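Student: Sharing a structure with you now.
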Amino acid sequence: MELGDRPGPGSVPGLTSATPKPGQEPSRGAEAGTPAPGALGDRRFLLCLYLVGFLDLFGVSMVVPLLSLHVKSLGASPTVAGIVGSSYGILQLFSSTLVGCWSDVTGRRTSLLVCILFSALGYLILGASTNVFLFALARVPVGIFKHTLSISRALLSDLVSEKERPLVIGQFNTASSVGFILGPMVGGCLTELDGGFYLTCFICFSVFMLNAGLVWLFPWSDIKVNNTKNGLRLGKNRALSGKTDYEVQEGSPTPGSTAHGKPAGPPWTEVVSTLRVMRTLLFSDMWDILLVRLLMAMAVMLYYSNFVLALEERFGVSPKTTGYLISYSSALGALAGCALGPIMRLYGHDSHRILLHSNTLTFLLLLLYSAARTMAAVVLSSTLLSFSTAIGRTCITDLQLTEGGARSSGTLIGVGQSVTAVGRIVAPLLSGVAQEVSPCGPPSLGAALALVAIFVMSLNSPRRGGTGSDRLKSE
């Protein structure tokens, strides 16, 4: 079965249908209008990927809320704790693009397994950390290799058509968000036990090893990944990265050769070539998309940066109650993925317009939260923000892949993660300065950044005229 073609009637939602080759008779299932056995197998493959996303965030979210308490218990000063905490974002900044590019060259299966195993090693070291040095050392493999979700999204992009991609990525984000909701509750219960942090880290390590086992047992031979269909594009469908189209079986290229019979060059030459292409894209077609991603990521980070402290100072809300509100918002954000399909159909699969409207709603809600005088207004803004930000994250990823093409989806998603990592480094600094003015300073600054993102999208919308459906027909 070849994936990447447009879905036809009777196809499995979120997957492209199996189309018989010339001279090949269709299967009986296809004649009867029912999904072919291969389509059902590919659907199971997608569900396995959703499970990987769930387990990944479930394991991580058990540990992350406890990191600040643990490093403080090791005797680290606030300054040292801040430096160690920022090391993760700095490592992600440099590793995201490189790991994404590496996954395009070596294949999704190999890169996914390596990233999961090294992340598991990091959490195992973290569970054995009895001093600040070991704590900092444990963050290194996690900071470099914690790209499971990015590679999984790239693999999803390889598996489905462009039209179905936002829906499938939205469902993947929903499954991952459920893990992020359950993880902190499990970690909070475990940390109350004697040696609870070390037990939590060991369970997180076990979850990652389980994830690696699932990826190893995936039915890779039952799918055919066509992740080279469009190539990296500049302007209107001008290919930039390589001139060969080849299909990747079992998630990796055939060793030593391409589909055209030419010997493959050394892996590092492909990496350098892809990075050069990405530099061209950054300074041409994709600069506005990445700038919008950075601005909106910083806006949301500023909103959450002092959320607990601001509610306590403004309304006298206890941290426990604020925690319930955060869990409530996370649950709604997970449900937003289920609403993405109807929204995409309502907008005619125009991701740019959906993103513009979701960013506008985010801007208005940040203003409402900043000026709120009652908890009812805070709950309302928090409720709607969970929807607007979840939909916005999916659409910005889809726009990146649409503009860049499916040839190097891992590199494209990696660049997006590097941009987000820049926000993780800058947002805490801006939040600290804004809090000197007022507890409402960080969300107010976030609203200003969201407004800039809206202006950037509005100024560049004519270049992407037409709906997503029109683009699909033109290709």
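Using N, Cα and C of the backbone, Cβ positions are placed for all residues, glycine too.
According to TrEMBL, the protein carries these features:
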- 45-465: domain 'Major facilitator superfamily (MFS) profile' (DOMAIN)
- 1-34: region 'Disordered' (REGION)
- 243-266: region 'Disordered' (REGION)
- 45-67: transmembrane segment (TRANSMEM)
- 79-100: transmembrane segment (TRANSMEM)
- 112-138: transmembrane segment (TRANSMEM)
- 197-218: transmembrane segment (TRANSMEM)
- 286-305: transmembrane segment (TRANSMEM)
- 325-348: transmembrane segment (TRANSMEM)
- 360-380: transmembrane segment (TRANSMEM)
Student: So which of 45-67, 112-138, 197-218, 286-305, 325-348 is most in touch with the transmembrane segment (79-100), counting Cβ pairs under 8 Å?
Tutor: 112-138
Student: When you check the transmembrane segment (360-380) against the transmembrane segment (197-218), do you get at least 3 Cβ pairs under 8 Å, counting only pairs 6 or more apart in sequence?
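Tutor: Answer no: the transmembrane segment (360-380) and the transmembrane segment (197-218) share fewer than 3 Cβ pairs below 8 Å.
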Student: With an 8 Å cut-off on Cβ pairs and a sequence gap of 6 or more, do the transmembrane segment (197-218) and the transmembrane segment (112-138) reach 3 or more such pairs?
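Tutor: By the criterion, they touch.
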Student: Short question: which residues 6 or more past the ends of the transmembrane segment (112-138) have a Cβ under 8 Å from it?
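Tutor: Distant Cβ neighbours of the transmembrane segment (112-138) are 56, 59, 63, 70-71, 74-76, 80, 84, 87, 99, 103, 144-148, 151-152, 155, 197-198, 200-202, 204-205, 208-209, 211-212, 215-216.
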Student: Report, as numbers and ranges, which residues of the same chain sit near the transmembrane segment (325-348): CB under 8 Å and 6 or more residues beyond its ends.
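Tutor: Hits for the transmembrane segment (325-348): 166-167, 170-175, 177-178, 180-181, 184-185, 307, 311, 354, 378-379, 382-383, 385-387, 389-391, 394, 467-469.
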Student: If you average per-residue pLDDT over the domain 'Major facilitator superfamily (MFS) profile' (45-465), what number do you get?
Tutor: 79
